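K.L.:
Here it is: the structure, laid out below.
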Amino acid sequence: MLDLKNLQNNFDEVAKKLKNKKVDENILKKLAELFASLKKEKIALEEFQAFQNKFSKELATAEDKESLKAKLSENKSKINEQSAKVNALENELEEIAHAIPNIPDECVPVGEDENENVELKKVLNPPSFDFTPKEHFELGESLNWLDFMRGVKISQSRFCVLKNEGALLSRALVNYMIDFNRSRGFEFVNVPFLVNGATMFGTGQLPKFKEDMYKVDDEDLYLISTSEIPVTNLYSGEILASETLPIKMTCYSACFRKEAGSAGRDTRGIIRQHQFEKVELVSITKPEQSDSVFNEMLECASDLLSSLGLAHRHLMLCTGDLGFSAAKTVDLEVWLPGQNKYREISSVSNCRDFQARRAKIRYKNEQGKNELVHTLNGSSLAVGRTLVAIMENYQDKEGKIHIPDVLKKYF
């Protein structure tokens, strides 16, 4: 959640940045009106309280005590009424603020959508083939690695069954990713895939993205859309010791998304599924540590792709494509020869204190004061899309898939 004091004190500046992040101008106008109303009603409340304080002290020596008592009683009623007005405005303001995204960093390019993201660099060269490379779903079906028909039969569309070497390769990737991330100093944690509403709120999924979540009927439980949610919230409501930071974690999980708004996109294959697997990086840092840890996380995910021999590129997301909780995001896109283009395989984001304010994660700074931490997250990597990338990049003209050397010991 945004710092409401900063929003109120620097409204025009912050509102401009939020417009770049596609926040509706009517919402910003409503916020401005609420801030003005709240200021007015608080002044009135303070005047009533000042009256009460002043004349309560004079009651003992007043000549007409009964008259003053009546005035104080009447004023007390006004204080209660005015307090209710202030509380109602504060609640309305906070409710709207819950759906306002994070402010983009100054380094984030202003842009409307993904077409205005900025390429930072390319890593490795895409492979060349003396034949037309196939897409992963063709290879997967011919090798009996991917069973779409039975996935749909037992579930619905956008579900798939992995079989034989395809399932083994997926498992090998998970183990390799965890080991790689641990070698870079990230502690492995294993968390529940079902979390409560407060946890979903803490990282920004609720209330704005409720319609994209799978919820358990009659229970305050949701299936996670990313392990960023439970891992970040491991420290919700806590005050951490300064010397424990940064905390760097990696986690494997299944992820569940309704993919609302994705109709017609990636309808074939396993690029976009309702259930998929991911190995995540999550860090909790002091404010002054978050930029360097962001670079560590980005380097970790990029080096992981390089270790698998997968060509990829770094993209700085523009304001219009930036996620709800992120102040800055760099996407990694892997080369898929079957599609003849780069596709997203990782997003590394610095959320600054946005999630920490919602989840109430603080640390005791050097001055002994409680201060909000910064939170960061990133995929290292999306397992299904890495499987897709290996299938397409390591295929031969006979339709066989060769396994990267670093994965062979995991079979």
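Cβ atoms are placed via backbone N, Cα and C, with glycine included.
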K.L.:
What does Swiss-Prot list, out of Ser128, Ser142, Ser379, as binding the same L-serine as Thr226, Ser227, Glu228, Glu280?
P.N.:
Ser379
K.L.:
Determine, from DSSP, whether Ser379 (L-serine binding site) sits in helix, strand or coil.
P.N.:
strand
K.L.:
Would you mind reading off the Cα separation of Ser347 (ATP binding site) from Glu228 (L-serine binding site), to the nearest angstrom?
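P.N.:
Roughly 12 Å, rounded to the nearest whole number.
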K.L.:
Sorted by position, what residues of the same chain at least six away from Ser346 (ATP binding site) have a C-beta under 8 A from it?
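P.N.:
Ala301, Leu305, Asp331, Leu332, Gly378, Ser379, Ser380, Leu381, Ala382 - these are the non-local Cβ neighbours of Ser346 (ATP binding site), listed in sequence order.
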K.L.:
Other than its own, how many Cβ atoms are within 10 Å of the Cβ belonging to Glu259 (ATP binding site)?
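P.N.:
Other Cβ atoms within 10 Å of Glu259 (ATP binding site): 15.
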K.L.:
Given the binding-site residues Arg257, Lys258, Glu259, which one's Cα is the least distant from that of Glu280 (L-serine binding site)?
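P.N.:
The answer is Arg257.
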K.L.:
Just to be sure I understand the packing, how many Cβ atoms besides its own are within 10 Å of the Cβ of Lys258 (ATP binding site)?
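P.N.:
There are 15 of them.
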K.L.:
Looking only at DSSP and grouping its letters into three states, which state does Glu228 (L-serine binding site) belong to?
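P.N.:
Looking at the DSSP assignment, Glu228 (L-serine binding site) belongs to a helix.
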